[in-house]
Amino acid sequence: MPSVYIKTYGCQMNVRDSEAVAAQLLARGYTLAPSEEQADIVLLNTCSVRDHAEQTALNKMRALAADFRRSGREVVLGFLGCMAQSRGAELLRQVPGVDLVLGTQKLHRTADYLDELLRGRRTAVVDTAPEAGSESAIREHLPALNGSTPVTAYVSIMQGCNQHCTFCIVPQTRGPERSRSIRDIVAECRELAARGVKEVILLGQIVTSYGRRPGPDGRPGWLAPDEPWPVADGDGGRPRSPFVRLLEAVHEVDGIERIRFTAPHPKGYGEDLIEAYGRLPKLVESAHLPVQSGSNRILKLMRRGYTRERFLEIVARLRAVKPGMGISTDIIVGFPGETEEDFEQTLELCREVEFDNVFLFKYSPRRNTPAATMPGALPQEVIEERHARALELINQIARRRYAAMVGRTVQILVEGPSKKNPQRMMGRTRCNKIVVFEGSERHRGQLLDVRIVRAGSYTLYGDPAIVGIAPVERGAPVDEAEG
Ligand code: SAH
Ligand code: F3S
């Protein structure tokens, strides 16, 4: 059978989508090639969030097409995902040699289309049409690639985003919000737990809006079409958002020890979600709160739906419930019209919050987004200069936050060998910091107490030997003050 190589760009959703496509192709009898040079089919799963990501994938595909043309090998080349969705058929013209362009709602058709291309029934396929129900179309995605089950697994809970932040292309590439049912998601988590998965990461473009949009007949978005409705509530009158209901349901799954999720929106941090951190021990003390800017004027232009003050209030509430909360964020520098003063307010917000981790982006205009035509586009030098200043501050704060962990004993979930040094093992604290330690394969999948002995750049070094061998209580942090 032909072999496939899939290269992934972009966010965790793309990683999960690539896993799903790989699982689908394996089930159809395809094999996975160890490298692109050895593959009969090369698929690039693309990202459109910034121009840089698009250019990287375009250049990669051009280089592949040129290589295969030179060597005379017949290789099927395909673009999947966000850039395929936003550019569609134009990709066939932009990169001669490409055979397949599959949008974000069509990934479950990959095997069918490859079959047709390989049998010569079609010379090229472009499919970017929306498809009802595609959010539930491919579930099977556990990568049993190297033989051992991963400790952590992604679970897609919804697709799309209706927020339409003025800089963002995602609502165009991923479409409107569509949620899977709580019943299906829980069933998937149970299967994962049965296969040895210990941690699930619930994924979506805006997970805090999970299930908020009603289905076609007005039924709640988190109910399966064949489930009775209205449902008996049984929650003692406590009002909860569909997302918190989902967290509670996943929390019930035996064998799942930790629950994470990404990406939320700050406006989704209502009291019910904040309070859930105190109530659900498997929900780890980690929150990714994309702030984007510290200036109210810019937040408004971005159409983010919260103010700097509201954002700070959410952070304070979360830290009141869980003092050891790890907080990360996304920031964009150089949004159109951003003044030095606006930028200073972003820096000031960083000093105030002291984020553990910041994903810092240079503003990149995206086609058909409102921000792309806003006045006040900044010269690239200004963007570069602000980016450098912000990065320095962010790194300085993170160094302090990491150094403050030295001497503490924390619980980690061991994921496997460290990427940088496979002789060592790595795990994550509940607050989402990576800990590297001298361990062995037998630690994989264990919740382990380690004492932090040293802090490096965005990495902690731990020593499990110092701590007693008493088993760690399920799901509970060892040290309440710091997960
Ligand atoms: N909720 C989504 C957001 C996707 S984009 C998710 O994380 O899954 C991720 C981040 O990229 C955004 O939070 C934003 O900080 C950044 N980003 C999005 N559009 C951008 C643009 N046009 N230019 C620069 N950065 C951008
Ligand atoms: Fe993009 Fe804003 Fe949605 S950043 S993914 S439009 S919440």
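Each residue's number is its place along the chain shown, starting with 1.
Cβ atoms are placed via backbone N, Cα and C, with glycine included.
Model, not experiment: these values are computed from the prediction.
What TrEMBL records for 2-119 is domain 'MTTase N-terminal'.
Other Cβ atoms within 10 Å of the Cβ of C47 ([4Fe-4S] cluster 1 binding site), summed over all protein chains shown, number 22. For C11, C47, C82, the entry in TrEMBL reads [4Fe-4S] cluster 1 binding site.
Summarising the annotation, TrEMBL assigns domain 'Radical SAM core' to 147-400.
Marked as [4Fe-4S] cluster 2 binding site by TrEMBL: C161, C165, C168. Taking the Cβ of C165 ([4Fe-4S] cluster 2 binding site) as centre and 10 Å as the limit, one finds 22 other Cβ atoms among all the protein chains shown.
According to TrEMBL, the domain 'TRAM' annotation covers 403-466.
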Query raised in the report: When you measure from each Cβ to the nearest atom of ligand 2, which of the binding-site residues C11, C47, C82 fall under 6 angstroms?
Result: none
Report summary line: Between the C-alpha atoms of C47 ([4Fe-4S] cluster 1 binding site) and C168 ([4Fe-4S] cluster 2 binding site), the distance in angstrom, to the nearest integer, is 12
Query raised in the report: Excluding C161, C165, C168 themselves, which residues in that chain have a Cβ inside 8 Å of the centre of the Cβ atoms defining the [4Fe-4S] cluster 2 site?
Result: Q163, H164, F167, I169, V170, P171, Q205, I206
Query raised in the report: Which Cβ among the binding-site residues (C11, C161) has the fewest C-beta neighbours inside 10 Å?
Result: C11
Report task. Kindly point out which of the binding-site residues C11, C47, C82, C165 have a C-beta less than 6 Å from some atom of ligand 1. Result -> C11
